[in-house]
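Lifted from TrEMBL, the feature list:
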- A:7-79: domain 'Glycine transporter' (DOMAIN)
- A:93-166: domain 'Glycine transporter' (DOMAIN)
- A:6-24: transmembrane segment (TRANSMEM)
- A:31-52: transmembrane segment (TRANSMEM)
- A:64-84: transmembrane segment (TRANSMEM)
- A:91-111: transmembrane segment (TRANSMEM)
- A:117-138: transmembrane segment (TRANSMEM)
- A:150-168: transmembrane segment (TRANSMEM)
- A:174-195: transmembrane segment (TRANSMEM)
Amino acid sequence: MLSLLKILWIIGITAEGMTGALAAGRRKMDLFGVAVLASVTAIGGGSIRDVLLGHYPLTWVAEPQYLVLVVVASFVTVSMPFLLENFRVVFLVLDAVGLSVFAVIGTQVALGLGHGFVIAVVSAVVTGVFGGVIRDLLSNQIPLVFQEELYASVAVLATCVYFLLRALGASDSVTVIVSILVAVTVRLLAIWRGWSLPIFDYQERS
Amino acid sequence: MLSLLKILWIIGITAEGMTGALAAGRRKMDLFGVAVLASVTAIGGGSIRDVLLGHYPLTWVAEPQYLVLVVVASFVTVSMPFLLENFRVVFLVLDAVGLSVFAVIGTQVALGLGHGFVIAVVSAVVTGVFGGVIRDLLSNQIPLVFQEELYASVAVLATCVYFLLRALGASDSVTVIVSILVAVTVRLLAIWRGWSLPIFDYQERS
Amino acid sequence: MLSLLKILWIIGITAEGMTGALAAGRRKMDLFGVAVLASVTAIGGGSIRDVLLGHYPLTWVAEPQYLVLVVVASFVTVSMPFLLENFRVVFLVLDAVGLSVFAVIGTQVALGLGHGFVIAVVSAVVTGVFGGVIRDLLSNQIPLVFQEELYASVAVLATCVYFLLRALGASDSVTVIVSILVAVTVRLLAIWRGWSLPIFDYQERS
């Protein structure tokens with residue numbers, strides 16, 4: 001039986017995979033490039049987290065069907081990119097859901113391995129954000145997540161809410177659901193209102 | 001005693017290392033950059049595969065003499081790049097051999113760890129292709145393998161042939177040799193005839 | 001009790017983290033980008049080494065307080081970049097210390113895992129240099145260490161001195177201190193006198 005968190009994770013990797021496919025299209029890659037960029041965007045963050053924390057086997061290695069799903073979703077994206085343009089808002093919501101779910105899963109993995117708050121935050125950020133970082137590296141641009149409206153900060157927020165609710169004695173499912181809801185809401189508000197972190201602009205005098 | 005596959009692997013890492021050295025030269029790197037680019041091109045794919053699959057120790061860590069060979073080959077390349085220009089065809093063949101051998105080895109590693117077809121394909125592609133991907137990242141260009149004539153697809157093909165022959169009851173050595181021969185042939189035909197996968201060209205309307 | 005090597009390591013990650021923060025500022029990243037670039041610059045090299053050698057848990061995972069230190073140092077950098085300009089010489093020295101200490105620690109880790117000279121050299125270079133390589137990748141430039149005055153070569157030199165002193169029967173602390181002193185000195189001399197490795201300049205005739 002699939003839990004709610006797993007269903008949200010499947011939605012998340014599908015949505016993230018589609019953004020990877022679009023990035024490949026912007027760079028005129030071939031179908032293989034599309035499949036690779038979709039895969040690393042969807043599962044790259046979780047893979048880096050697992051490698052750094054020594055958490056084997058990796059999710060997609062143990063359950064390769066989810067990798068197949070991401071590749072199929074990327075080919076669907078290729079056959080109907082026009083649809084995505086008409087569903088831009090749906091996409092922003094799905095991406096926010098993906099980011100938030102990934103952050104909560106990252107937090108849980110770190111806690112499950114016995115780590116504390118700092119590593120849980122790192123794990124949430126790596127899971128939520130680093131797939132997109134590799135996508136941007138492979139399509140040769142400065143990673144957007146370092147410049148965009150509150151993106152990685154939302155992963156940090158999800159971990160904070162998660163820890164707070166656990167400290168207050170909330171049940172597992174309440175903790176998971178509320179953390180995700182808060183994170184999704186803040187991310188969407190940040191896009192809508194243009195919230196962002198301060199920029200550090202450092203240009204050497206020549 | 002060295003097996004045929006190991007001899008082909010040594011040829012493969014040498015050839016791939018030389019392509020890494022040339023990429024370093026195109027970017028005017030120093031001798032250290034040459035050695036690093038040669039090394040990551042030759043052994044980067046296998047290293048990423050081993051890290052993702054938790055397959056320790058890595059080949060070059062257990063047998064560092066092959067790393068030394070790659071570095072020596074890269075310095076030979078530096079001292080006589082003119083030779084490479086006159087052997088361009090030899091090089092394309094060696095690169096095709098490297099790709100195909102890496103793919104077959106990747107398939108074998110995945111099978112040896114008890115994985116199925118999907119992970120075997122991923123392992124073949126990562127082993128065959130990701131060294132070149134890191135090379136291109138470090139020399140700051142969009143990875144060529146995402147745009148070139150059937151490159152990564154050849155790794156997928158090698159795994160498919162491998163599985164087919166095993167299912168037909170072929171012996172280990174027949175399976176290895178035929179998989180490599182088919183992959184090399186298709187790769188060279190693809191270069192010769194300009195075969196490539198469809199390109200996904202997605203430019204947002206502004 | 002903190003050993004001398006650990007104190008030097010803390011100075012090293014702080015100094016490297018600050019160079020990462022400055023690179024983020026040059027690309028107008030937000031505070032999150034600053035924290036990530038500082039962290040990967042400071043601890044990325046050691047992390048890649050540990051993953052490649054299967055040396056778990058990673059240092060910052062076991063002792064996350066040092067990651068917090070790097071992030072705090074990066075925010076200090078953001079609040080007073082003008083200071084750094086006035087301390088440019090101090091910074092070059094701290095960076096040279098960081099490089100040399102990282103190289104010696106990398107050598108020790110490899111030896112502690114039972115590896116020989118070649119892997120010790122690779123471990124020293126990866127620990128000393130690859131944090132900066134990831135920093136440069138994430139800020140979208142060709143890694144400087146492949147083009148700069150003797151940089152990675154200094155890591156190789158530190159390992160050579162380390163092995164020589166051990167072979168001569170020097171005590172552990174003498175070995176560590178002399179290796180670092182020689183490496184720092186050569187690095188600073190290289191900057192001062194403009195020493196560098198030969199460049200490999202290979203441009204295909206079109």
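Just so it is clear, glycine is given a Cβ too, placed from its N, Cα and C backbone atoms.
Small disclaimer: the values here were computed from a predicted structure and weren't measured.
In the predicted structure, the domain 'Glycine transporter' (A:7-79) carries a mean pLDDT of 92. Between the transmembrane segment (A:117-138) and the stretches A:91-111, A:150-168, A:174-195, it is A:91-111 that has the most C-beta pairs under 8 angstroms.
Using a Cβ-Cβ cut-off under 8 Å and counting only residues 6 or more beyond its ends in the same chain, the transmembrane segment (A:91-111) has close neighbours at 5, 8-9, 11-16, 18-19, 45-46, 49-50, 53, 55, 84, 119-120, 122-129, 131, 151, 154-156, 158-159, 162-163, 176, 179-180, 183-184, 187-188, 191. Summarised by DSSP class, the composition of the domain 'Glycine transporter' (A:93-166) is 60 helix, 0 strand, 14 coil.
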